[in-house]
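According to Swiss-Prot, the features are:
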DOMAIN    34-355  domain 'G-alpha'
REGION    37-50  region 'G1 motif'
BINDING   42-49, 176-182, 201-205, 270-273, Ala327  GTP binding site
BINDING   Ser49, Thr182  Mg(2+) binding site
REGION    174-182  region 'G2 motif'
MOD_RES   Arg179  ADP-ribosylarginine
REGION    197-206  region 'G3 motif'
REGION    266-273  region 'G4 motif'
REGION    325-330  region 'G5 motif'
Amino acid sequence: MAGCCCLSAEEKESQRISAEIERQLRRDKKDARRELKLLLLGTGESGKSTFIKQMRIIHGSGYSDEDRKGFTKLVYQNIFTAMQAMIRAMDTLRIQYVCEQNKENAQIIREVEVDKVSMLSREQVEAIKQLWQDPGIQECYDRRREYQLSDSAKYYLTDIDRIATPSFVPTQQDVLRVRVPTTGIIEYPFDLENIIFRMVDVGGQRSERRKWIHCFESVTSIIFLVALSEYDQVLAECDNENRMEESKALFKTIITYPWFLNSSVILFLNKKDLLEEKIMYSHLISYFPEYTGPKQDVRAARDFILKLYQDQNPDKEKVIYSHFTCATDTDNIRFVFAAVKDTILQLNLREFNLV
């Protein structure tokens, strides 16, 4: 009888394996719950891709020398895209070059096939430098709200000497400022305090938005980005629609979707640095007549824009968490995301057995 209680070595091993499998299954189930899905939304050029890059710098592996070298061609292409946009705008806005030689320089840049650019020739660099110094081009740059020009244009063009050196390797800031429109869906998972934050970036242009629907399952939080500086700009896809009006309408659509009833909403009012610069010469009241605050007042402008978005929320019980951000400033994003992470974890305490 006593012999029945004694397990053979094989049976003991079999039980051990079964117990291990059970433990692993429990761990897997727990791990599946320990993943947060953050959906990054917003209209085109609001800063979503830059924010993802910051997550890689702050919470991931960052950008090695080799990674940064991979952005060299894109930096060159951004420079040509910006300069060609200004050259075209010189014609449409009927601005004259002050230096006659710049008509020829403009032709040199016009002939460049941007998507085939992989280097900068000496002739091209000289043409870019002379054009950028021309008072006509500077006037054209000052009127950039009247056409489409990337926010990084001035950053790259004022630093053309550094970028044109043969040994040029893009810095972290160069990488953050590279503009490549997001097509399709980009996922970036990173681990924080044993919880996986899966950040999903989708294209913001209208043509990309129909792809969003597949991302809507089990979203923990929506992070919606607004470009504060777009209050006086029109859409790339439709030149008589105000960008901020489009963004505001999209925000209302997103927060009233049935899919997101249980998702927290975090609003990033981004590009605060550009707003501070622009509000000094482009008055908010010219584009939003309901604005009653003083001119050239950054705080009043920020508060007004925040309220515009808060007013889109029909459910007064639902809290919208808001932060003013500058997506190209790593310290700012590190600070803001620490607060966001705490908010998300607080809201999901029970799910992660933290209470």
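Backbone N, Cα and C define each Cβ position, glycine as well.
Rounded to a whole value, the Cα-Cα separation of Asn270 (GTP binding site) and Ser49 (Mg(2+) binding site) is 12 Å. Separating the Cα atoms of Val202 (GTP binding site) and Thr182 (Mg(2+) binding site) is a whole-number distance of 7 Å.
Ranking the binding-site residues Gly42, Ser46, Ser49, Ala327 by the distance of their Cα atoms from the Cα of Arg179 (ADP-ribosylarginine) places Ser49 first. Mapped onto DSSP classes, the region 'G5 motif' (325-330) shows 1 helix, 0 strand, 5 coil. In the predicted model, residues of the region 'G1 motif' (37-50) average a pLDDT of 92. The binding-site residues listed here are Ser49, Thr182, Asn270; among them, Asn270 has the most other Cβ atoms within 10 Å of its own Cβ. Per-class residue totals from DSSP over the region 'G4 motif' (266-273), listed helix then strand then coil: 2 helix, 5 strand, 1 coil. Each residue contributes its Cα atom, and for Leu176 (GTP binding site) and Ser49 (Mg(2+) binding site) these two points are 9 Å apart. Across the structure, Ser46 (GTP binding site) and Thr182 (Mg(2+) binding site) place their CA atoms 11 angstrom apart. If you take the Cα of Gly42 (GTP binding site) and the Cα of Ser49 (Mg(2+) binding site), they are about 11 angstrom apart, rounded to a whole number. DSSP assigns Val202 (GTP binding site) to a strand in the three-state reduction. Secondary structure of the region 'G2 motif' (174-182) per DSSP, as helix, strand and coil residue counts: 4 helix, 0 strand, 5 coil. Annotation for Val180 (GTP binding site): spatial neighbours Ser49, Leu74, criterion Cβ-Cβ under 8 Å with sequence separation of six or more.
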